Structure formats: structure tokens, C-alpha cells
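Here's the structure we're looking at; comments come further down.
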Amino acid sequence: MTVKIAPSILSADFARLAEEIKEVDKGGADYIHIDVMDGHFVPNITIGPLIVKAVRPHTNLPLDVHLMIENPDMYIQEFADAGADIISVHAEASRHLHRTIQLIKASGVKAGVVINPSTPVCMIEPVIADVDLVLLMTVNPGFGGQAFIESVLPKIEQVRELGGPELDVEVDGGVNRETALLCKKAGANVLVAGSAVFNKKDREAAIAEIRGTV
Ligand code: DX5
Ligand code: ZN
């Protein structure tokens, strides 16, 4: 199975965001991963719909928007209008997860659901058939550059088993050349990588390394 690579712009140089996105686009990225944090659900504040709208004209790659915010329902339409192609919400942040997923679909974009390392897969089992993507956090969300949590690996296998071959099973946090191998082996087909891509000068080589093609 060839994996898709989704560079997370959290580790990019925000003052040169358009150029950074063009570089990873040219370097073979499949998605652009955008980390939205509100300072409540996670202890960091990052990007809002304005930035999604600003980067939209600079790439044709799907914008994979990862919402780490409370009250996600309030902002879904805004992110869809700003140019998101996939919107993922944390199961821990939505009171009525099924409704939130339907809202994402009604906004015209693909729907994803995310769980933290300590959240069991059974929390999302009832909605797996409704989503296009399941994102498994392999760090506690909030910051780039953290260490991969290996105890999440059996959850990747579980989600692949439940979702079947068509589901996008994405992994986010601490992904590098070595941990990418473990994720692929467990059944993930979309790998998010922030520091492992943007902290390297040659983005094409970094992406190929994570994909496992060099
Ligand atoms: C963490 C974010 C990640 C982050 C990953 O909360 O969701 O997308 O950018 O960064 P690395 O790849 O450096 O762990
Ligand atoms: Zn993310």
C-alpha cells in the first residue's frame, strides 16, 4: 500500500507560508495538514479560517484541517468556506459526535474523526461507517516535535480492521522515518509529519524518507 504524506504546517515558517507550502507540494506531499488550536481544548493557539483562506490559492493539494477546538460545530462551515477539503474533529471535543460529522458532510467536505492516545477506539466505533477518515493521535495534541507514543499502534490495527480497506487511516505526531514504518505495518495509509519535514532543508527527500521510497 502506498502511503499519503500530509506535512503539517505547524512546523513551517509562518512568515513564508506560501513558499513553504509550494515546496512540500513540489516535493511530493499528498495533503497539506493544518492544525487548528484554540487554547482551550489544547494548550496552544494557532490557526483560524483566515489562514486557511490565505493558503488556499497557493496549492491544489487537499487541505486536511485538524480541529483541536471546543465547540467544533460552530466553526465547521467557516472552515469549509475558507477552502478546507477534509475537516476532522476530536471525539473528545464533540458532545454529539454523530451530529458534528453530519454537519461536516453537509458543509460539502470530507469528514474525519480524531482520538487522543488515551481514548479507546470503541468511542468512535459507532461512527466509523460515517467518516472518510480516522485520525489517530500518536502524541498528546498541542505541539509539534513530541515523541511518538508506541502504545497507539494496536489502535491503528483495530481501526483498519473495523474500517476496511477504503477508509483513510491517518496517524499524527512524532512520525519520522522509523515510526512511519511501524504505522504502515499496523495499517495506516496517511502519515502526518511536521518537524520531520519542515526541519529538513530538502523537503522532497524528507517526504520520500517518510514514505519509505528511499
Ligand atoms: C500536534 C499536531 C500535529 C503536529 C505534528 O498536536 O496535531 O499535526 O504538527 O508534529 P510532529 O510531526 O513534529 O510531531
Ligand atoms: Zn495535526
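Positions of Cβ are set from backbone N, Cα and C atoms, glycine also.
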- Determine which of Asp172, Asp202 appears in TrEMBL for the same divalent metal cation site as His33, Asp35, His66. Asp172
- Query: Which ones are near His33 (divalent metal cation binding site): of the binding-site residues Ser8, Gly144, Ser195, which have a Cα within 10 Å?
  - Reply: Ser8
- Message: Neighbour count, 10 Å Cβ-Cβ cut-off, for Gly144 (substrate binding site): what number do you get?
- Response: 20
- Nearest-integer angstrom distance between the alpha carbons (Cα) of Ser8 (substrate binding site) and Asp35 (divalent metal cation binding site): 7
- Which residue, of the binding-site residues Gly142, Gly174, has its CB surrounded by the fewest other CB atoms within 10 A? Gly142
- Other C-beta atoms that fall within 10 angstroms of the C-beta of His66 (divalent metal cation binding site): 27
